[in-house]
Amino acid sequence: MTAVIIIVSAIYAGLMFSIARWGDRTNNPLSQKITHHPIIYAFALGIYCSSWTYFGAVGTASTDGWQFLPILLGPILLMLFGYPILAKLVKVSKKQNLTSIADFISARYGKRQQTALIVTVIATLAIIPYIALQLKAINASFSALTLVNDSVTGIEYTSAFLAALLIALFAILYGARKADVTEYRSGLIFAIAFESLFKLLGLMVSAWIAFTLFDQIEIADLPPLPETIWTTDRFFSLDFIVQTFMAGAAILCLPRQFHVMVVDNSDSKNLQTARWLFPLYLILTAAAIIPIALAGHYFLLDTGVNKDIFTMELPMYVNSHWATIFVFLGGISAASAMIIVATLTLSTMITNDVFMPLLLKRDSHQILDQGMYKFKVVPLRQFTIGAILLLSYAYYLSWANQTSLHSIGLIAFSLVIQLLPAIIGGLYWRKGHANGVYAGLTLGFLSWLMFLLMPLASASDVSQHSGIISQGVIISLIVNSLAYYVFSLMAKERLIDKIQAAAFVHPNVKVPIARQKLLHTSASVKDLTDLLLTFLGNGRCDQLLLEYEQDQEELAIKEGSQIVKLKDTEELTHHFVEYCERMLAGVLGASSAQSLVNIVLSGKQLDVEDVVNFFDDTTMALKTNQAILFSSLENLSQGISVIDKDLNLVAWNKQYLELFDYPKSMVKVGLPIKNLIKFNALRGECGHGEIDELVNKRLSHLKSSQKHSFIRRRSDGRVIEMVGNPLPNGGFVTSFNDITSFIETEQALKDANINLEHKVKRRVDQISEISQELRLAKQEAEQANASKTRFLALASHDVLQPLNAARLYVSSLSEDSLTQSQHQTLDKVDQSLYAMEDLLATLLEISKLEQGALVPTFTHFKLSSVLRPLCDEIAAQCQQKGIKFIEHWHDEVVHCDATYLRRILQNFLSNAAKYTHEGKVLIGIRYVKSSNGQGSIRIEVWDTGEGISQSDHQHVFQDFYRTHTGSIKGLGLGLGVVERMSEQLKCPIKLSSRFGKGSCFGVTIELGDPNLVAEASQFALHESSQFNHLNVICVDDETQNLDAMKSLLEKWNCHCLCFSSVEALSEYLQLPECVCPDVLLIDYQLVPSTTSGLELIQQVRSHWDLDIPAALITAVKEESLKETCKQLDVRYMPKPLKPAALKSWLKSLVQKQ
């Protein structure tokens, strides 16, 4: 039987892991719909019914009758009549984004870390015995099965330990793998809901067996029950009432219950469903317990069986193995669900409120600045889960094994409900303070120790336990509540205390703005105005206050309320405080702005100097920027004025005031520009006519938001040029330039009657200057184009250097003894390097393509030589993005330029993979007839990506044109190059696309002649070649290239001497032991030496007076250099060096010898 139980337990554990894994599938709509259903949430609340209910309540009912009922009746009464408390608790917690009961109490009472710490300590002391209770139940049920059926001994403690390990693994995998505790754990909740249903079914199976036992005998034959057991008088006993109160309070205070009910509540409507479904669940549980207890009393009580496992003993009594196993698994569900969530919540509280403050204090920069929070908190939380279970197991071994399940549960409840005054007071009493919480919890805990735990430990009679617990709970809660009340009244509230109290006690209160006063603060409007003035300056501060008053006036008119000016009141409103904080946040940042506003509101007396010192760096930077801005405006020779979109003056400089001689008191921020225009018109500065007409004419120019320019002669003889430019967000900036001297000069020229010849000459000179500028611009453009070509050449050379080394290293590796898989991987690396080389080489080809210097070379080749590498590359990209890549093409022979075709198809495929986020990418061919009547194929690339709108079809082939401006990077050059290449190939391009549906790009090419396909030379790089110990001298200024070349040549049995400079080789040649080389491999550009590779080859040949075979290895691809190499009998080898070409050349040298 033991083996069967172990196997069944393992299967059940696997089932639970599978259920949790299925529930965690975020990409499965059915999974997410089921796990977020209100019924799942209601069943998850069944975690309240632990093994105490499953086993202990039956044992209590068998001997004490209705005394089992309080632990179920309390939650039922709370859900039915205390629902507003639960609803408010959930709403406030969700609004504050709280993660645990400790977080709730800490946030309510001023966000003090000490508050969370003391709550965590009390919760830990209460829950560890409760977890030990579950381990005791698991062990008892397992031992009963194994000892009764197979007489297996010595495993009673091992089963509890193994259960703890398995539960710890489950909690770590599905509860503590994410740092964000508020994130809904759908898999965990679904598994808990399943276990709640399973344990209810287990109880019903045991109850069904109890009914079958009663059916087999006559009721009259049963002995009567003691009258004191099932009497209704117990409903009014002190123990019954106190325990009912404790059970109801536990729903609010138990950390696991808070976590499931509040933290994992994904929808506010879930609680409404749970209001009737959870009490129904508890009623069904109570209904199942009664027949089990009665049957246990009659059939098992005298057998010496432990009453706490009557639930499982009944199916064993009737020898029903399947029922026994089912009921056993129900008990495991009751215990494991409680342990999982209890350890998860405790680990969260301990990690957040004990460990993390210590880590932040010790190493805050590393945790916060480097984003290490997740990597530290998750392992800490997982370690804490293991530690909690280890402590619980130790408690079980030392004490819990000698105490009944009912007593352990009541002890845990009696301690955890010490949190009740802080919770209820936090929700409904605004005067509640953290000092009251400290005092209440401390004195309540001491009273609990003195009047409950110590008498309980010394009591010899088990029947006295309930009375001692009831007495201790009453005394400790009274002391706790009184201390909470008194010390809260005595405490001095901070601003954060008032804010949090209002947020928790009145989360829904919305007071009209006109009456929205701050609660109890000595700060005034002037205090916050001075604060704005300090950090924003006079002009900006006046502007912001004006805007605020305007907004408030509009709002008051809309609501029909009284308009209140800031200057007419000293009382602060929440709206004004939030407005000031937002304005400061733009300068100081949100956190600093909030801190500074809170300091002012708290009533601390801070001088301006103190505030400036508080934000020293920010203030200095602000003042510096303002000084630069104002200095720039004030030192302009023109007058400047700025008006907003409402045509009110917002900024000006002193030259503006001097030009128009406005009274100082008249010009201020927010002054309608209409007033200034009217003032000027009254002084005759706007010409002749009606004043209103002159004013309206100028206002119409401003309202049209069009650029304007006027020249006006003022009454004092000065000529003013006015140029107005509209601002992007409305308004105008206008410059006023005194051009009197310019006008006088112009008039003098007219008076001097400068002849036409001078004017013509001046115009000719201007044209000459313009022509000269055009010539210079053309030269600069030509130089820029030449510089671009040189840059591309140099960039290609520098990039090809490391790529050359990489190709050599790959070839060197291919010479080693490798497995087939390794060879395949190496081939793919080599293909990728080849593709990179090919792409880099086209940098120069693109430039030549634009100049018409690049001519395609038509050959007959198989399509696979181009498509196969491209498809492998794109398939890997698609696999990484999770999209499907489909190939539908035949290996036809085509007549085209292979390089051009590869560029075109690579662009099509890369764009398809880049812009497709889900769906698939397909490449295929269609057989079509070309214009000349010969057979052709069109290679098409289809995708289900973003698509291109019809209006963009004519633009996509233009340079730098991109239809997608989102996060996808690109320059928009690819399709432009494709069009140029297709025109040279005379291969038409086809585009078909619908926005949001996908795209299809195709290119039509002619079929080729299979008989004219050039056979590719297959040169095995990995074969073992012998070069008769050739002496090779290699010279390259890149040591990486030298190392790679040496590694490759030595594997070919060559003797290689490497030199990184001309000087190093020259020194070697002067040594007496130097040996004449058989081959020279020389780089062309040997920086920093001025000697080129060709010159060095000539020097070495002259030194030995021999025509030594030599190869010039270079990234320079100029035709003139190739021609020079031919003349000097030097082999030209371009970078990246192809090992096959090098090997072939060396073999030809050996064969000649």
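Counting begins at 1 with the first residue displayed.
In case you wondered, yes, glycine gets a Cβ from its N, Cα and C as well.
Just so you know, TrEMBL annotations never went through curation; they're auto-generated.
Keep in mind that what you see is a predicted model, and the values were worked out from it rather than measured.
Record features (TrEMBL):
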| type | residues | note |
| --- | --- | --- |
| DOMAIN | 794-1009 | domain 'Histidine kinase' |
| DOMAIN | 1031-1150 | domain 'Response regulatory' |
| MOD_RES | Asp1083 | 4-aspartylphosphate |
| TRANSMEM | 6-23 | transmembrane segment |
| TRANSMEM | 35-55 | transmembrane segment |
| TRANSMEM | 116-135 | transmembrane segment |
| TRANSMEM | 155-176 | transmembrane segment |
| TRANSMEM | 188-214 | transmembrane segment |
| TRANSMEM | 234-255 | transmembrane segment |
| TRANSMEM | 276-301 | transmembrane segment |
| TRANSMEM | 321-346 | transmembrane segment |
| TRANSMEM | 378-396 | transmembrane segment |
| TRANSMEM | 408-429 | transmembrane segment |
| TRANSMEM | 436-456 | transmembrane segment |
| TRANSMEM | 468-487 | transmembrane segment |
Spatial neighbours of Asp1083 (4-aspartylphosphate) that are distant in sequence (at least 6 apart) but have CB under 8 A: Val1035, Asp1036, Asp1037, Glu1038, Asn1041, Gly1093, Leu1112, Ile1113, Thr1114
Recorded stretches the transmembrane segment (6-23) and the transmembrane segment (188-214) touching, at least 3 CB pairs under 8 Å: yes
Interface check, the transmembrane segment (408-429) with the transmembrane segment (188-214), three or more C-beta pairs under 8 A: no
Tertiary contacts of the transmembrane segment (188-214) (same chain, 6+ residues out, Cβ under 8 Å): 16, 19-20, 22-23, 34-35, 40-41, 43-47, 49, 54, 174-175, 260, 264, 281, 284-285, 287-289, 291-292, 294-296, 299, 311-312, 314-315, 317-318, 320, 323, 326-327, 329-331, 333-334, 336-337, 340-341, 344
Interface-richest range of 116-135, 378-396, 468-487 toward the transmembrane segment (35-55), CB pairs under 8 Å: 116-135
Selection from 116-135, 234-255, 276-301, 378-396, the stretch that has most Cβ pairs under 8 A to the transmembrane segment (321-346): 116-135
Residue distribution over DSSP helix, strand and coil in the domain 'Response regulatory' (1031-1150): 54 helix, 24 strand, 42 coil
Range from 234-255, 276-301, 378-396 with the greatest count of C-beta pairs under 8 A to the transmembrane segment (116-135): 378-396
